[in-house]
Amino acid sequence: MQSNFSHNLSFWHPMRHDWKWLFIGSVFSVLFASVLLSGWPSGLIPHLDYPYTYSGDTNFTSWLVQRVMDGWLFDNPRSGYPFGSNFLDYPQSDNGSLLALKLFGILTSSYYGALNLYLLLSFPLAFISSFLVLKAFSFRAVYAFCAALLFTFTPFHFWRFFGHIFYTWYFVVPIYFYYGWKIFLAEPSIWPFSSVKKFIFLFATFIFLSAFGVYYAFFGIISFVVSGFASAIKNRSARGLIISIIFSGMLACGVGLNILPNLIYQHKQGANVEVAHREPKQTETYGLKVAPLLFPTSNHRIAKFSKLVTAYSKYFEVTEAVFSESLGIMGSVGLLVLLIALFAATLGKQIDLRLRFFSLLVLAYILIANTGGLSVLFALIISPAIRGWNRISIFISFAALAALFLVLQQNKKIEAFYKNKKLVYYAIPLILLSVGLFDQTPSSYTTITNSAKNRFIEDRDFIKKIEAMLPPGSAIYELPYMGFPEYGSNVNLADYDLLAGCLNSKTLRWSYAGMKGRKGDLFYRYLSKESVDKQLEVIKRLGFAGIYIDRNGFADQGKALIGQLNALLGSPTLVRNDDRVLFYRISPSSHVELDSLSFRQIMEQAGYIITESGPSYRATLAEGIDFTRSGLPFFIKDIKGLSGVESWGRWSDAKLAPAVRLDFAKPLPNQFDLILSTTAYGPNVGHNLKIIAGTETYYITLHDKLSESKLTIDLKGEKVSSIELVPPFPAKFESRKLGFGLAHLKVIDKLGR
């Protein structure tokens, strides 16, 4: 199977010589995808006037699109009103996709038009990228064309199409293989230090690639490192390994630049443990599974084939993401080719260098990403943040399809047809392409897209009625309370369904979608637990003009809540046709301007003060803080560095903040006794707890049991509104870093004021 081929074909060479193949494949990709989504013949003209998909994670992405259209991702005043919706707790390395969506939003003037255009363009982008890379691997045009189209319409594409949409722009995957191949060969042409121009070009390339998903960048780094080690062994030179480390560093730098604003924000504000929290066990849940790679799609055109997937999900605990792993028939055969090539190479057989390269990478992908693979060690030792290891299946898909068509190209009988210019040479790969497309795609997705269209129209029309009856800038209070993001379903209300209001209005502001775990979210979390009349009182004081209720979020379909609101406000102002969503118009207590107010001032305007522990309660400084109960006294403005309430009190958590900081609403007395009831965790026993008040520092000794300590504090005329408690040796316990515990804290004014 050893053959000669050019190692040095340019990535851009086919743009000049094979543009017809590129043009035909690109047009076919768009039209075939559009017809699958919208049916024949309506799909011949792509639809931009309604979303192809409208539920769950897609609504989340739609909300992101709307945010970047309004300005940029990080903050938006129309969500989480009046506290805003800061998105910096949720790091993403997707600025490339977001910039593209912003451009598409300008062109289409709607989030759904932008999203549809983004999704449709994902097909020709995948085709063009894979075709160019395969040509760089010395594939003949027809084989590169067929393999690229099958890669474009892999089942992974459509599974991500109706969920995690950013993964549909996997055009970067073949490019990672291209540079991995160059590393494997240790080509002098990619040595980054040969010139300043070369270094800048390569650095810019990897910065660009890193902006299309942290997972793809991470898997790209794996590809580079494996290629580098293989190069070092094959060539008996460290050159390839050095290049792989440099390229990996450039990619990592690109990811770092993408998430730099998030890192700065979290450094200033402290970690938010409620958002994007990943656990090592999720590595197993979302790990790669080899068997599903070989399964047909769950919506296969042949019903008997899809039953195999149904049986698998019946007897084994799997997530829906598993079904995106399917390689299809052609990809499965290609995977078998790679395994045979690997065995043959170990037996000393002469194997085409490209096949050895592809088989080596696929072996590494499986060993690392498979359930129970090396990814578990990564999660335990380094970080569980990378959990969706099954997403590496798109890398396996490219390698498998490349292997299949490479073997066909090397077949001497088929090659003879090429030399004799016989039509059968083209017929064989094109027949395989037809079989592959039949296998990998369903007859139509119109059932899904029509359902999405109907749901969208239903939401849009109802929201427009609300918007028409209210002044611009009016605020709507949404019930039930749901955290954002990644809250999960609430009874029968799907995650992100409450985004319908923000998505389908232009001038209204909504209470939903403040960042989970931050102050604005906590305000609504605790408010939703108050009585209905209390909630009404608070939102009226904040100037809200209406209440939006989705009955699917209540076990009793909202009957109790609606009954109370009817008694207080009368019948609903609007009821959606399906009777699921209701709207009550309310009259604000007064017109209020909240935009310039601080969080504390907004709460004071509302007459409802909360801290991260719960609603504030009335107490004096002398009565102190009882850490065994939810909430904090009114005299506390804010608190950082404490974990949740337990029966005895609360632990300090260095993952939230390096020290416990108590911010008081007013300056502390100049001289006071500070009385604390504390205990120590593990290695902190017998060590000193540092207490900082202004420029003064004090210490108390921590014990293994709750004990009371008393300190006399003299601020010497300095105005101080905070106290910091610094643990000596925070130690890891499960997901926290514990130092000391607090049960009670009192401030006794020495002057008796």
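Note that the numbers count up from 1, one per residue, in the order the chain is shown.
Note: Cβ is positioned from N, Cα and C throughout, glycine not excepted.
Annotation comment: TrEMBL describes 21-40 (among others) as transmembrane segment.
Per TrEMBL, transmembrane segment is recorded for 111-134 (among others). Sequence-distant contacts of the transmembrane segment (111-134) (same chain, six or more residues past either end, CB-CB distance under 8 Å): 11-12, 14-15, 18, 21-22, 25-27, 29-30, 32-34, 46-52, 54, 58, 61-62, 65-66, 69, 97, 100-102, 104-105, 143-145, 147-149, 151-153, 157, 161, 165, 168-175, 177-178, 398, 402, 405, 456, 503.
Sequence-distant contacts of the transmembrane segment (141-159) (same chain, at least 6 residues past either end, Cβ-Cβ under 8 Å): 14, 18, 21, 24-25, 28-29, 32-33, 122-124, 126-128, 130-131, 134-135, 167-168, 170, 174, 297, 320-321, 323-328, 330-331, 393-394, 397-398, 401-402, 404-406, 408-409, 425-426, 429-430, 432-433, 436-437, 440-441, 445. According to TrEMBL, the feature transmembrane segment maps to 141-159 (among others).
The feature transmembrane segment is assigned by TrEMBL to 165-181 (among others). Note on the transmembrane segment (165-181): residues 11, 57-58, 61, 94, 96-97, 100, 115, 118-119, 122, 125-126, 128-130, 132-134, 136-137, 151, 156-157, 190, 209, 212-213, 215-216, 219-220, 223-224, 226-227, 247, 354, 357, 361, 391, 394-395, 398-399, 402 of its chain, located 6 or more positions outside it, place their CB under 8 angstroms from a CB of the stretch.
What TrEMBL records for 240-260 (among others) is transmembrane segment.
What TrEMBL records for 327-348 (among others) is transmembrane segment. Tertiary neighbourhood of the transmembrane segment (327-348): same-chain residues 1, 150, 154-155, 293-294, 296-297, 355-356, 358-360, 362-363, 393, 396-397, 399-405, 407, 432, 435-436, 439-440, selected by CB-CB distance under 8 Å and a gap of 6+ residues from either end.
What TrEMBL lists as transmembrane segment is 360-386 (among others).
Annotation source TrEMBL lists transmembrane segment at 392-411 (among others). Beyond its flanks by at least six residues, the transmembrane segment (392-411) meets 1, 3, 130, 134, 137, 139-140, 143-144, 146-147, 150-151, 154, 156, 167, 170, 173-174, 176-177, 219, 222-223, 288, 293, 324-325, 327, 330-335, 337-338, 341, 352, 354-355, 358-359, 361-362, 365-366, 368-369, 428-429, 432 of its own chain at Cβ-Cβ distances under 8 Å.
Sequence-distant neighbours of the transmembrane segment (423-438) (same chain, 6+ residues past either end, Cβ-Cβ under 8 Å): 32, 142-143, 145-146, 149-150, 153, 301, 328-330, 404-405, 408, 414, 417. Look at TrEMBL and you will find 423-438 (among others) tagged as transmembrane segment.
Taken from TrEMBL, the feature domain 'DUF7024' applies to 622-748.
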**Report entry** Chain residues in Cβ proximity to the transmembrane segment (240-260) (below 8 Å; excluding those fewer than six residues from its ends, i.e. six or more beyond)
**Finding:** 91-95, 179, 182-186, 190-192, 202-203, 206-211, 214, 217-218, 220-221, 224-225, 227-232
Report task. Six or more residues out from either end of the transmembrane segment (360-386), which same-chain residues have a Cβ under 8 Å from its Cβ atoms? Result -> 177, 180, 214-215, 218-219, 222-223, 226-227, 230, 276, 278-280, 282-284, 287-290, 335, 338, 342, 392, 395-396, 399-400
**Report entry** Outside the transmembrane segment (21-40), six or more residues from its ends: residues with CB under 8 Å to it
**Finding:** 14-15, 46-47, 52, 120-121, 123-124, 126-128, 131-132, 141-142, 144-145, 148-149, 152-153, 437, 441-442, 444-446, 449
